[in-house]
Amino acid sequence: MIFFDSFFMPNSKRLSLIARLCGLMFFAQLLLSAPAWGLGQRFFPMQGLLPLPLGAPYFYALVLALIAVVFRPNRYSLSAAALLLAYGFLADLQLLQAWSYQYFFFFLVLAWAQWQSDKEGLVRQLLALFMACCYLWAGLHKINPLFATEVFPWLMGIFSWTESWADWPMGGYLLAIFEALLGLSFFFPKLARYSRWLLIPFHLGILLFLFFDDWNRVVYPWNLGMPLLALLLFAPQKMPASMPYKQPAFLLSFLLFGLLPSQRSTGYWPYPLSFSMYSACSTELHLGFSEEQFNAPSLKRQIPLKVLKTAYRSGGLYWLSVDDWSIMEYDLPSFSNKPYLRAWAKTYLSQTPWPAIQLRWVERKGLWPKKAEEELEVLRK
């Protein structure tokens, strides 16, 4: 506790510890989702902003950069990690998860602090701003009927000793409000000094439920590391000589993390960048196959057999969840954004011999979603 609360730890050392911790967290998550980052065979089609290749060389370059960040977090290793992440996002938006988005921002501004040491105080403020906005919006987005009646009962049903709470929707609302208040407290240094410690039981609780449900393994390291990041970032500090609010970097960061996530409900800002994790608000895509298409040998060469076994029958078609495919293949949920998913479906269709494919959209959107909205579409080449 004395270590985390030390007034005497210079910003340079504190930022170095944060960089090492982020490098270690991302390294573990990289290994847990290695096929998505270019290692080994991959079936799930890539859809990025640019036609850039991903493969073993990219994966090992990222591994080396993260090892360098962990053992020697300087301007070169941090810049390399940020650039490699940016390359990955451009090559495949699927890699742009909430946690990889965080690492990219952290590595970017930490590299900036290495290049310009006079910005260390500002960089610490920017990292703290990100953390505060992350928890605030994650909680606010969960204040909706679907989280209270779908996600919360699922979590409570994992253990027999919490199963009785599954039928108590108010518990879901209270949990969401608690998370939002945690984020709000981080905007006030005197409160953050104490509230940051609440992240330890909060994340350990999340980790406990996910572990025993064997779900979303890739975020285990993230849940272990986030409380430590908060302990380092929100430790008591001397007030800066000049407030950061007029700095362009602070204003841009506040726009990205403080304002734009509010557009999650309108669909103008992607769910993964809105800190909407586990909120039940998302856009899901299901692919529909005719009997002939589903039984064609070519389909088994395009989609792993374990994924095909999850298909369900409805309306004379076999339906396959793109999100289930993504998670089952490399433990990453699909990028929940309708323009991306439609572009992804076009890429997938271009790799098949069929002239068209059926799409089923399942959207949970709006400020107060009470049910999923479904829409059918025929996508043609």
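In case you wondered, yes, glycine gets a Cβ from its N, Cα and C as well.
TrEMBL has this to say about the protein:
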- 50-71: transmembrane segment (TRANSMEM)
- 76-93: transmembrane segment (TRANSMEM)
- 99-115: transmembrane segment (TRANSMEM)
- 127-148: transmembrane segment (TRANSMEM)
- 168-187: transmembrane segment (TRANSMEM)
- 194-212: transmembrane segment (TRANSMEM)
- 218-236: transmembrane segment (TRANSMEM)
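Counting C-beta pairs under 8 angstroms (sequence separation of 6 or more), the transmembrane segment (127-148) fails to reach the transmembrane segment (194-212), with fewer than 3 such pairs. Long-range Cβ contacts of the transmembrane segment (168-187) within its own chain (Cβ-Cβ under 8 Å, at least 6 residues beyond either end) map to 128, 131-140, 142-143, 145, 147-149, 151-153, 156, 195-196, 198-199, 202, 230, 234. By the Cβ criterion (distance under 8 Å, sequence gap of 6 or more), the transmembrane segment (99-115) is counted as touching the transmembrane segment (76-93), at least 3 such pairs being found.
Within the same chain, residues 19, 23, 26, 36-37, 46-50, 52-54, 58, 61-62, 65-66, 68-69, 100, 103-104, 107-108, 110-111, 114-115, 335, 337, 340 sit at least 6 positions outside the transmembrane segment (76-93) and bring their C-beta atoms closer than 8 Å to a C-beta of that stretch.
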